[in-house]
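Database features (Swiss-Prot):
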DISULFID  CYS46-CYS60  disulfide bond
DISULFID  CYS53-CYS65  disulfide bond
DISULFID  CYS59-CYS76  disulfide bond
SIGNAL    1-22  signal peptide
Amino acid sequence: MKVFSFTIGLVVIISLFAFALAYDEETDLMKKLVEMERAIEQRIICAPEGGPCVVGIGCCKGYSCAPGLLGLVGHCQ
């Protein structure tokens, strides 16, 4: 009975440790994504003539986005 209790306790401790590590990695990933998003927002992004245009990246002044295949990615003209 003591071996069973010890085994269950060990499994619980290892599981908690694994969840803690996974949470830390997820938190770090979210921080990196937020930093990347801020960097993109700070830059002025526009696509030149013939360049791809998608949601969030529009065409430079004087060009408009022509819809592409299935309306996913267009091109500036």
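The backbone N, Cα and C atoms fix where each Cβ goes, glycine too.
Feature map: Swiss-Prot annotations on the structure.
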residue	record	DSSP class
CYS46	disulfide bond	strand
CYS53	disulfide bond	strand
CYS59	disulfide bond	strand
CYS65	disulfide bond	strand
CYS76	disulfide bond	strand
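Note: the CA-CA distance between CYS60 (disulfide bond) and CYS53 (disulfide bond) rounds to 10 Å. Within 10 Å of the Cβ of CYS65 (disulfide bond) there are 19 other Cβ atoms, across all protein chains. In the structure shown, across all protein chains, CYS59 is the one of the disulfide-bonded residues CYS46, CYS59 with the greatest number of other Cβ atoms within 10 Å. In this structure, the disulfide-bonded residues under consideration are CYS53, CYS60, CYS76, and the one with the smallest number of other Cβ atoms within 10 Å of its Cβ is CYS60. Between the CA atoms of CYS59 (disulfide bond) and CYS53 (disulfide bond) there is a gap of 6 Å. The two recorded residues CYS46 (disulfide bond) and CYS53 (disulfide bond) have their Cα atoms spaced 8 Å from each other. You'll find the Cα of CYS53 (disulfide bond) roughly 6 Å from the Cα of CYS76 (disulfide bond).
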